[in-house]
Amino acid sequence: MALRADQVSLIGQVFESYLLQHHRDDILGILRQGDDEAHYPVLVDALTLFETNMEIGEYFNAFPSQVLPIFDGALRRAAMAVLQAATPSPELRMKPNLHARISGLPICPELTREHIPKTRDVGHFLSVTGTVIRTSLVKVLEFERSYICNKCKHVFVAKADFEQYYAFCRPSACLNEEGCNSTKFTCLSGTSSSPSSCRDYQEIKIQEQVQRLSVGSIPRCMVVVLEDDLVDSCKSGDDITVYGVVMQRWKPFHQDARCDLELVLKANYVKVNNEQLAGVTIDEEVRKEFEDFWEKHRNNPLAGRNEILASLCPQVFGLYLVKLAVAMVLAGGVQRIDATGTRIRGESHLLLVGDPGTGKSQFLKYAVKITPRSVLTAGIGSTSAGLTVTAVKDFGEWNLEAGALVLADGGLCCIDEFNSIKEHDRTSIHEAMEQQTISVAKAGLVCKLNTRTTILAATNPKGHYDPAESVSVNIALGSPLLSRFDLVLVLLDTKNEEWDRIISSFILQNKGCPSKSEKLWSMEKMKTYFCLIKRIQPKLSDESNLILVRYYQMQRQSDCRNAARTTIRLLESLIRLAEAHARLMFRDTVTLEDAVTVVSVMESSMQGGALLGAINALHTSFPENPMTQYRMQCELILERLELHDLLHKELQRLDRLQKETYCQLQPEETSFSTITGCLNKNTFESKQKSQSEPSDQQKINSYPQPSLPKSNCEGDKHPEALRNPTPGNNISTKRLSRLNKRSDDGSLGWFDRLEDRNTDAEETFWKTSPLPKTSPDNMALKTMSKSSCSEEGNSSVPRKEDGMRGSLRTVTLCAPLEQDKVSEISSKRTEERKCFSSEANIQDPTSASASVQESVITQRVSKSLQRLHTEKSHRFFTSTQNSEANALPSVLPVSGLLDLSSDTDSVVGDENNSASAAVKHAVISMRKRSKGQAEKEAKAVSSHEPEITDGESPPAAKLAKFSFRPRTKLDDSSEKKNAEFPLFPSENTVKPGEQPQGEQLQKDCCPPEKRKMTLTCLGRKGLEKQSIGSKGNEEQLSQALGKEMGGNALIHSDVTLDVVSPPPTEKRREGEEKLGGPSTVRVCSSTLENLSKFCFASRPDSKSEAPPTIKTDTNNKESHSPLLKVHVSNPNKRKSFALGNASKDSVVTRKSLFSIAELDDATLDFDWD
């Protein structure tokens, strides 16, 4: 059926008025163009046109092939009208080749298709979406010819028949209306066609989009015919939407030959969708939803990230590290062009290497589902042509057909069984992975195609994976190919009973009653989120730059580096992954957090290992507390990269975040006692959880392992902290960093507050502690018997402090935070102290000393004593209010104030146990003291003391800053024979769990040449590493101690000498002795007299010297710097000290690379006797 003349004129007039109303500017722009012979399109929105006149819409849907030429004619008339109405100008010239291009059809099944049209669609105008898989060469098409009748000389024009492949069918008789009826015609064009009767012509083949098909469906293809300006508008691999009329065509008929009809789409307009996200609409509402999600996780963004990771491939249990890596690869980096014009790829590539059954293919399948433009192929049977591009012969000519990588341009290409690709085919993807193009020279066709795709590959090792060999040997892939992967994760299916049990229960639970978690994101939401974050363009910050560059340099210098992997590509990989992680976290700046996370992931992959060594990615599960894990990664990585300033800033930021979270969770009116009780409870619970013993395969995180038996004293020395952070948070670490932050004003006021709060802290502890109330004696005994395991050389596993001691340390560190309550409780403090003093005096003196030494009540700094005796010796302070101090003899010199224990000086002795105090003073305490105490005491003795500077630097930096003033020198005014003192067995024990945050030094006054003496207290293991001496060394040590004493005639009763902890049996014996009472020894009065004769004498020739810089040697577990050696003749005998050789090359052992804890106090315990 054809349109009538009135209908044709109506359509023409309506369309012309529509163009003049809506597209006048477009037409003017076309008229200004210089090339008169080119073809120019005017894009018309179908919805707007149909709204203007519904009748036109009906005609258009019914007779598209007839209406489209009418539109073109109306467009030419409209252009002429615009030209005449416009101001005359030489620029404006009429263009004959104008085409109306219809787009924006209403989205309804009749007009919009995602599948290839069928026969019933013939003659309809449709939009079809698909992927270009083949493009033919551009040809010249002669679409009309002029003929002349030989008889009547009538000239007429014959059109090429589209349905017969543009063949010309001459009429059977002359078309002259006068009735010539001649059958003889001559073609006027002769051998050459005039340009006006020819046009450009190209055929392309589109294929249904794979991701829109059901599983098992083979995508179908369709030929699309492009003419005029549509030619070369797309290329192989493009996602396009074609608007056009479905038509059928056939070859010319031949006798006895079957007529094959072919459906083709005659295109009216082609829209390339590469930049658009297929199937995902992102509006403000969707964006707002994700912004609210991240606002909710503002104080703990890593928890939000882990929620997204848990939704990634939820059918696979655990594999936290792999999920993080896949998420970063899917997010992708930022593609950029440098100053020289070189394009640097933004897409990352990931290779999963693993034993069968480790879930590799599951990740590939899931990634294909949530990525808009993706191709999944198996390496088995894939040829280089199948992956890149192939030349095929069609209709007597060669064409290029796109392979998997080209089809995945701008998306994701997943290749399973990667090692099954033949060697010569595998090299064909080198260019596709790095330059992201494919250069082809096949069958006379030379071209270059884009392959801007992310490659996610999975492969099995050949045979069993051998950790001793390199990756390239295990999976038989060459170094050039391996170096192009940003991450290579190894999943080793090792025998792990705990892991197998968890996995089997997870699978069986899903089989029995499959349930959908409320918190997991749906696949649609994941797809939308990954499409949204690809629009973010993160910029690198200075901190992240510094970390990535430092890590790259360390990798290059590493002994175990893989030369094929640690090329400049490693640095580019780090940058891409950091940008990807910033995108994943919905940020437009790459922060230090992103850089640290990327370094930790890279360390866990086969490219890493410079910091942590190779790690198995299989047995990793989600951390209970992501911030704790991240904090530990920060300390580990930044310490190892020697970026202490960045570490300090980041820890401050984390503390601030944690404080904000805490304030939100708990009302501000919470009392100090409640906080203390809560902290104590946490610490006790963490004690009971005990240290977990991680398996070799555990990495960035793992399940909490079963507790170790209490009697087991052998620590796991493997560096596992990054892989297996303990679930319990190290509260004291946070408190100390917060304390450092609060104390950066340079004054010592905070120390006063700390001391004033100690009694209050202790009092609150007794009120709120979940432990039964025990006398100090029993407590000391219990602590010794319980904690034989806790202070071994196990510096690699984060240590859990003894329950009570840890909680008390927490209380102490929290104390300065509660400054507002000092005045209320200061009076209670004095009464409490008196009460404890009398309680201590009831027991016999040595028992009291045992109680002091092993007590775990709280930190008791006798500031009143300090003030009193400082005043008497140097008249620096005015007066004190503590009545107990007046009872002590006034002969106590300044040095007597110095060695105050930071942990357990709980019982203040008075004159009744002065004998015990004198003995203890004789053997000067080597306990750790907090930095605050050292500074307070330094102030007290003014210029006679070392100078300490307190800043905001991290502990290690503080350690390196303090210096000595060159004025003090200790001298012994008494005879040498009197300088020998016995060491009581009850006084040479160190508290097993006692390792506070650690870099505080014992800054006592001492001769400069002895100032470097350090004592490394590492429990029994520490003892084994020290040289074993004979019993005769005891007297030598005692003499040395006597010389060093230099005037410390009397120290109040809580100063003791702490040495390495004895074995548990010895501790038990000591505890019995303490309880026994009468079996202990008293000091004779002559010794006290000799002690009281020591005095100070300063030498002008003394030189100040700073302590040695402390370095970490992760491979060397020995303590190199102590000049004070411990000699053990028999493990059940008391320990004695001898001065070692000062010139010995030495390094103080710090925490292991994998330890969560700060620097261990014991290893940095400088003793200045």
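Glycine residues also receive a Cβ, built from the backbone N, Cα and C atoms like all the rest.
According to Swiss-Prot, the ATP binding site annotation covers Gly354, Asp355, Pro356, Gly357, Thr358, Gly359, Lys360, Ser361, on the basis of sequence analysis. What Swiss-Prot lists as compositional bias 'Polar residues' is 691-710. Residues or ranges marked as compositional bias 'Low complexity' by Swiss-Prot: 785-796. What Swiss-Prot lists as compositional bias 'Basic and acidic residues' is 932-947, 968-979, 1065-1075. Annotated domain 'MCM' per Swiss-Prot: 302-507, in sequence order. For 685-751, 784-804, 926-1009, 1053-1080, 1098-1121, the entry in Swiss-Prot reads region 'Disordered'.
Excluding Gly354, Asp355, Pro356, Gly357, Thr358, Gly359, Lys360, Ser361, which define the ATP site, the same chain contributes Leu352, Ala458, Asn460, Leu491, Asp493 within 8 Å (Cβ to the Cβ centroid), listed in sequence order. For the binding-site residues given as Gly354, Gly359, the lowest number of other CB atoms within 10 Å of the residue's CB is seen at Gly359. Fewest Cβ neighbours within 10 Å among the binding-site residues Thr358, Ser361: this applies to Ser361. The Cβ of Gly357 (ATP binding site) lies under 8 Å from the Cβ of Asp493, each of which sits 6+ residues away along the same chain. Each of the binding-site residues Asp355, Pro356, Lys360 was scored by the number of other CB atoms within 10 A of its CB, and the lowest score belongs to Pro356.
Under DSSP, Gly354 (ATP binding site) is assigned to a strand (E or B) in the three-state scheme. In the three-state DSSP scheme, Gly359 (ATP binding site) falls into the coil class.
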